[in-house]
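Record features (TrEMBL):
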TRANSMEM  34-55  transmembrane segment
TRANSMEM  240-261  transmembrane segment
TRANSMEM  268-290  transmembrane segment
TRANSMEM  321-342  transmembrane segment
TRANSMEM  363-384  transmembrane segment
TRANSMEM  425-443  transmembrane segment
TRANSMEM  450-469  transmembrane segment
TRANSMEM  489-514  transmembrane segment
TRANSMEM  596-617  transmembrane segment
TRANSMEM  629-654  transmembrane segment
Amino acid sequence: MSRPLGAVIGRYPSSDGSTQIDGIIKRNRKCRDLAFLVVFVAFWVAMIVNSSFGFNQGNPLRLTYGLDYKGNVCGDKHAHPNLRELELTYWVNPNQVYLSGSKNSQFKLANARSICLLDCPRPTDDGLNWVCDYPEGDIRISMDDWIDRNYDYYEFLTPEMRNSSLQLQGPCYPVIFPSVNVHWRCEFVARASNASLRHWQVMGGLNIDEDIIIDKTIHKSVNARSSVLKRYVADIGKSWPVLIVCGGLLPLFLSVIWLLMIRHLVAAMPWVTVALFNVLIVSVTMFYYLKAGWIGNDAISPVIGPPDPYYHVFGRELNHIRAVAILMTLIMVVSVLTSIAIARRILMATSVLKVAAKVIGEVQALIIFPVIPYAMLAIFYMFWLSAALHLFSSGQIVQNNCDNSNCCAFDLVSKRVNCDRCCGYGVRYTPHIAIAIFFHLFGCYWATQFFIASSATVIAGSVASYYWARGDASPEIPFLPVFGSMKRLARYSLGSVALGSLVVSFVESIRFLLESIRRKLKVTDITPDGWIGKVLHHSSGFCLRCVEWTIKSINRNAYIMIAITGKSFCRASGIATELIMNNILRIGKVNVIGDIILFLGKLCVSLSSAVFAFLMLDTHKYRSSHNKISSPLFPVVVCWGLGYVVATLFFAVVEMSIDTIILSFCQDSEEHQGTAQYAPPLLMETLNDQNEMQRLTQ
């Protein structure tokens, strides 16, 4: 057994036997784990360099909009010509679209001639509409006039240009097929207009292929996995007001309200938390059912604007929403049954929460303190999200290599048909972009864990000051315990916190990578032979989760001992583990029930964020026109996650208060033959109650 902590954090005797009144929790302190603090600072420098690459090479517009025949991103006001509000990609040559979908052709849709438009053109019933290239050269009309003329200046063409247009080589192309705006791509409907086709044939135009391939080709490109992932990431950028309100401000307000209710209505809070959790998880599940189309007629649709009544489009996003709805149904059933099972244990949680409520009442600055790490995390997340959008869209726009004979087009500047370098454009990603994105994600998780750990350590130091001074306003307690604890953290223990957060982040990253490998093996039907291999294959994920949970639990108690003793992370972990093992029967049940109630409270805050995110995303702003999101799935999940992080920061006040008080009480009891000497009168008033004491010690 290590030496008594009372000699470190309480009043300790001097060499002559007299009692010294020196600052508690201030003795024998020095900087710990400095090497890991240097690593953390170096990692931040690398994060900034990595992000600067994204800001230099990326353009978030690429995640949503396509490229035109000049290599411009649709909707880019800095392009030449100015493409602001021209956000839709339209493939002008239907034969190229057909050719790209043919099995025997090497021609790809990315090389088909495309242009950026304000809306999808539709054929007329009494003539032939045209879509012409951007006006330049001898076509002396402005872009605004070109838009007002519905992209048609066929009447201004020379005989040579008209003949080239009839050969589907531009600069004007006929509108034969109707098209629908599907995720800012004009998707052809394989139903040619008879009137337009007849006019085209009368004019002597080239034969146009009519087949359902022309429909499926564009839809296959729009519905590709990479395209769906890009839209999901773009949805997060478009819904930034929702993230601020539902992922930042709302959980801040709800968390403060929850802490105040713990302070004044502690007896009712466990029951309120369990009931509210059940209501919220049912509400979130019902919202997913609505968006899946299983309740009502509000299913998500890939079509932007008025749909074609004779053309129905389905996207991967709808399948994903339905899969999540099924998953939420299972989670809802398990959660409701679990909440019913723990109903008999809620009284035990009430007694534990009373201890934390009394501490919060004495050290009232604890309620306000989480605002500081909250503000830091908010600034970090805004920078990180902006950098993530640029990183995910980073790359260089280059012209593709293709069969030039299939992409010949009239050049208005050179005044001739050009078959050289007429291929389409694409984004060429750098080879290390995947590593850069993973590094960015890892940095976000490490920084989040670091801020949470720092906040927990400050709270533990404040509560420990309160406990080991017997709850009195004695000279040992700083005038402001919270600021005193912050000072000790910044001066001595940032390296230890960096190490603890790195351990959690590393284990979580390993679990994520192994889980990805397991899923790929499952998709490719590569599973181990034999029952032993199958058991190991299926149990590996569960074991990793157990390891992750154990490390997080050890870290939390290690932060308490760091705040109390000022030891290094490894040494503090050893002290905390030894103390817990010696008192496992005393504190185990109490901690488990208390942690469950706090976990449900965090879920209540995060689920409330998800519900309000659904409501905000259901407004007209995000359902149509420029800001339409492809699916509410990612924005809601991000709001859910942000709400949980914010709740973790604030609920740590209660969580760390309970753990610090219990660990200090157990250590105090061990050092004084089962009778705590440093417990403050306000705490002993609760603990002396026979029923409360029995619950704590059983």
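Every residue gets a Cβ built from N, Cα and C, even glycine.
The transmembrane segment (240-261) makes contact with the transmembrane segment (629-654), as judged by at least three Cβ pairs under 8 Å among residues 6 or more apart in sequence. Of the two recorded stretches, the transmembrane segment (489-514) lies close to the transmembrane segment (450-469), with three or more CB pairs under 8 Å once pairs fewer than 6 apart in sequence are set aside. Tertiary proximity for the transmembrane segment (363-384) is limited to same-chain residues at least six positions away from its ends with a CB under 8 Å from its CB atoms, namely 51, 248, 252, 255-256, 259-260, 263, 440, 443-444, 447-448, 451-452, 454-455, 458-459, 462-463, 466, 480-483, 642, 645-646, 649-650, 652-653, 657. Count of Cβ pairs under 8 Å against the transmembrane segment (629-654): among 34-55, 268-290, 425-443, 450-469, 596-617, the largest is for 596-617. Each of 34-55, 268-290, 321-342 was scored by its Cβ pairs under 8 Å to the transmembrane segment (596-617), and the highest score goes to 268-290.
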